[in-house]
Amino acid sequence: MEPSGGQSSAADGERPSQDDRRLEGFVPPGRLRRFRYGVASHAAHLRGQASRDFEERRGFLFLAVGFSCGAAAYFILPREPLLSALLPATAAATVASCLAWWRGGGAYPLVLVACFLAGMSAGKLRVEVLLAPVLEHPLSRELTGRVVAVETRAERTPRIVLDQVHIERLPAEETPHRIRLTLRTDLPPIGATVKGAARLAPLPGPAMPGGYDPARAAFFDGIGASGFVFGTLTVVEPPSGVHVFLAIAAIRRAIAQRITDAVAGPPAAIAAALLVGDRGQIADADVDALRIAGLAHILAISGLHMMLIAGTAFWLVRAVLALSEHAALVLPIRKIAAAIALAVGAFYLSISGGNVATIRAFVMIAVMLTAVFLDRPALSLRNLAIAAFVVVALQPESVLEPGFQMSFLAVAALVAAWEAWRDRPRQNLTEPARGLLRFFRRPVVAIGAVGLTSLVAGLATSPFAAFHFGRLASYSLLGNLIAMPLVSLLVMPAGLISLIAMPFGLEAVPLTVMAWGIDLVLASAHFVASLPGATVIVPPFPAIALILMCGGLLWLSLWRSQLRLYGFAPLLLGTLLAWLLGAEPDLLVDEAGRAVAARDVTGHLHVVGARQGSFLHEVWREAEPKEEAVGTQGFRCDAEACVLEMPEGLTLSRVTDPVAFSEDCRRAEIIVTQLRAPEDCAARVIIDRTALAAHGAHALFISQIGPHGVAAHLDLRTSRPSIRRPWQGSPALR
């Protein structure tokens with residue numbers, strides 16, 4: 001019999017350790033016991049890592065996530081919750097968490113629940129505040145109103161927004177507080193009261209299920225109707241009095257005009273977008289090139305622009321003060337520079353239009369500059385979490401917008417990547433290697449920083465770009481490597497100098513320099529966009545895949561220990577689901593039933609009822625993966641109906657005359673009509689006036705589940721739920 005481990009140690013003259021004595025006579029357990037022991041040991045290890053992360057106050061980050069998830073949960077609920085239920089539930093969870101903290105344990109889960117309920121309550125309160133009349137039926141009337149916003153659009157007619165609206169023969173309680181009008185005449189001045197005849201209509205819903213919802217966006221802008229003006233608008237009262245928001249709008253328009261006077265062409269349009277948030281004059285070709293090159297984020301004033309403007313102001317003020325030895329030794333020049341940079345950032349926010357990304361960026365900059373005052377680290381995930389709390393509390397609806405999701409995830413990923421780089425193990429280099437490193441350090445670090453930033457931000461935002469826009473930029477890294485140094489070192493600093501010089505009439509030179517930089521950026525964008533395979537079109541995939549990918553990215557970004565590695569599991573699972581479940585719609589019907597897009601047996605999409613170049617046609621074309629596959633031919637039409645043979649042996653009939661129902665209900669599996677279909681119609685799918693009024697736009701996905709022509713699964717999706725929420729135009733809720 002072989003000696004035990006303890007006996008062997010004693011025989012070799014070594015004193016047995018306490019662990020050796022404890023293991024004497026130990027028999028290895030069975031597989032199940034070893035597995036249970038391994039799981040318990042690993043769980044204890046993970047608890048230790050989580051405890052260390054929480055000691056570093058990482059728990060606060062997840063509270064911001066919980067608050068944002070609560071706001072998102074409110075907006076995706078199938079029916080409207082009661083405010084009288086949400087507020088007491090939030091208060092109860094808050095009190096319970098306080099009691100648990102006072103007793104010394106178990107408070108964090110309750111705090112997380114309280115934050116989730118608070119997010120839901122914030123969403124509900126926001127909707128209650130914005131509830132206002134909306135137009136339910138089209139009408140043509142005389143109206144008056146005050147101009148509060150002007151939108152000029154390249155290659156399109158301009159639009160204005162009116163408040164203080166009075167519509168002829170429409171009761172005040174049914175009159176929208178704001179309306180948006182398209183007009184073909186000269187734009188009236190902001191603040192003027194105008195009068196004229198207009199055709200008004202209810203706000204349109206999404207062009208396709210899951211698509212952009214104009215009615216939802218208009219609801220949160222306070223707009224209750226849209227339309228166009230007959231003839232001209234008459235100014236019945238010029239601008240009078242002082243109103244802060246109207247004054248800011250007038251300043252924005254004046255700055256845009258000064259930019260146009262100094263430079264011309266595409267650089268002027270993009271300069272106006274970067275400085276005052278006016279993107280209406282940018283040509284569609286330039287927008288497409290920037291988007292395909294992965295540079296569309298340049299046009300949206302966000303963290304990059306706010307950082308460059310405030311950062312340039314901070315650097316300039318600090319550099320000027322440092323020229324004085326007395327000031328450098330006596331004055332807190334960093335704090336003075338931070339205060340001036342904060343004021344510059346606030347001014348930039350006011351003239352930029354104040355969209356969600358800009359507000360988020362300003363809050364982030366404000367938190368960072370406040371940290372400078374308090375001698376704390378300026379760049380941290382904690383500051384980002386504070387910014388998320390502020391933005392979601394002010395605009396809870398932003399959590400469902402691509403800009404919010406992409407900007408916050410990109411910043412979180414960048415800060416997490418910076419922390420990982422900062423904490424990396426350092427290698428000891430020889431003296432010659434150090435000298436070589438110092439020689440190449442600055443250019444390598446500069447290029448590497450731009451490349452790594454673009455790579456991390458691109459990876460973090462790609463799930464949202466694929467879900468919301470259905471497209472990915474293949475050469476985003478290349479486009480950003482070429483363009484971002486120009487934007488950071490030339491375009492935005494010159495733009496800030498032009499704003500400073502504008503009151504003195506000296507903006508021409510810096511605006512010219514800015515235009516040179518913009519020309520180079522556009523040239524690089526068009527070059528990258530012209531490369532083969534520059535765009536990858538992604539078929540629509542379920543929201544659960546995006547939720548999993550978002551959860552995985554957050555898990556990777558917010559934990560600091562090895563716990564973050566578990567974020568790869570939901571990230572990869574979400575990617576797999578998006579790949580497996582992504583599918584192109586075989587039939588699209590707009591909410592009015594006038595326009596139909598259907599796929600034939602060859603896979604090409606054919607459109608009837610929407611003219612080529614119209615908004616609806618362009619939206620459907622953008623969603624089509626096959627280039628040049630959207631055509632207006634393919635349907636066989638007569639005076640009563642249009643027929644198309646679809647995949648899996650299915651026949652579609654778009655009925656325009658009731659006479660066609662008797663035949664087409666028997667021979668066609670799919671009926672689409674603006675009429676009311678007969679109750680005895682035998683078609684498998686019927687999209688008629690009743691269905692369109694109840695559910696809006698429709699999309700049909702066809703998949704084969706049996707031999708060709710024998711069986712096919714039809715998945716019908718709609719843009720409106722059966723029970724409508726306040727922003728979806730339900731009279732009962734308004």
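Each residue's number is its place along the chain shown, starting with 1.
The backbone N, Cα and C atoms fix where each Cβ goes, glycine too.
The compositional bias 'Polar residues' feature in TrEMBL is assigned to 1-10.
Feature annotation from TrEMBL assigns compositional bias 'Basic and acidic residues' to 12-24.
The annotation domain 'DUF4131' is assigned in TrEMBL to 86-231.
As annotated by TrEMBL, domain 'ComEC/Rec2-related protein' applies to 274-561.
Taken from TrEMBL, the feature region 'Disordered' applies to 1-26.
Residues or ranges marked as transmembrane segment in TrEMBL: 59-77 (among others).
Per TrEMBL, transmembrane segment is recorded for 107-125 (among others).
Among the features that TrEMBL reports, transmembrane segment is placed at 295-317 (among others). Sequence-distant neighbours of the transmembrane segment (295-317) (same chain, 6+ residues past either end, Cβ-Cβ under 8 Å): 270, 273-274, 277, 279, 282, 287, 333, 336-338, 340-342, 344-345, 348-349, 352-353, 355, 357-358, 360-362, 364-365, 369, 403, 406-407, 410-411, 476, 479-480, 483, 487-488, 492-493, 495-496, 521, 525.
Residues annotated as transmembrane segment in TrEMBL: 329-351 (among others). Beyond its flanks by at least six residues, the transmembrane segment (329-351) meets 248, 251-252, 255, 275-277, 301, 305-306, 309-311, 313-315, 317-318, 321-322, 358-359, 362, 365-366, 369, 372-373, 496 of its own chain at Cβ-Cβ distances under 8 Å.
Among the features that TrEMBL reports, transmembrane segment is placed at 357-374 (among others). A Cβ distance under 8 Å defines the sequence-distant neighbours of the transmembrane segment (357-374), meaning residues of its chain 6+ beyond its ends; these are 277, 300-303, 305-307, 310, 314, 334-335, 338-339, 341-342, 345-346, 348-349, 380, 383-384, 386-388, 390-391, 394-395, 403-404, 407-408, 411.
Sequence annotations record features per position, and here TrEMBL assigns transmembrane segment to 404-421 (among others). When Cβ-Cβ distances below 8 Å are used as the criterion, the transmembrane segment (404-421) is approached by residues 297, 302-303, 356-357, 360-361, 364, 379-381, 384, 388, 391, 398, 452-453, 456-457, 459-461, 464-465, 550, 553-554, 556-558, 560, 564 of the same chain, each at least six residues removed from its ends.
Residues annotated as transmembrane segment in TrEMBL: 444-469 (among others).
Sequence annotations record features per position, and here TrEMBL assigns transmembrane segment to 481-501 (among others).
Counting residues 6+ beyond its ends, the transmembrane segment (508-529) has Cβ neighbours under 8 Å at 259, 262-263, 266-268, 270-271, 286, 288-290, 292-295, 298, 475, 478-479, 482-483, 486-487, 490-491, 494-495, 497-498, 501 in the same chain. Annotation source TrEMBL lists transmembrane segment at 508-529 (among others).
Under the heading transmembrane segment, TrEMBL lists 541-558 (among others).
According to TrEMBL, the transmembrane segment annotation covers 565-582 (among others).
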Could you put numbers on the helix, strand and coil content of the domain 'DUF4131' (86-231), residue by residue per DSSP?
52 helix, 43 strand, 51 coil
Are there residues at least six beyond either end of the transmembrane segment (565-582) with Cβ under 8 Å to its Cβ atoms? List them, or say none.
463, 466-467, 538-542, 544-557, 559
On the 0 to 100 pLDDT scale, where does the domain 'DUF4131' (86-231) sit on average?
90
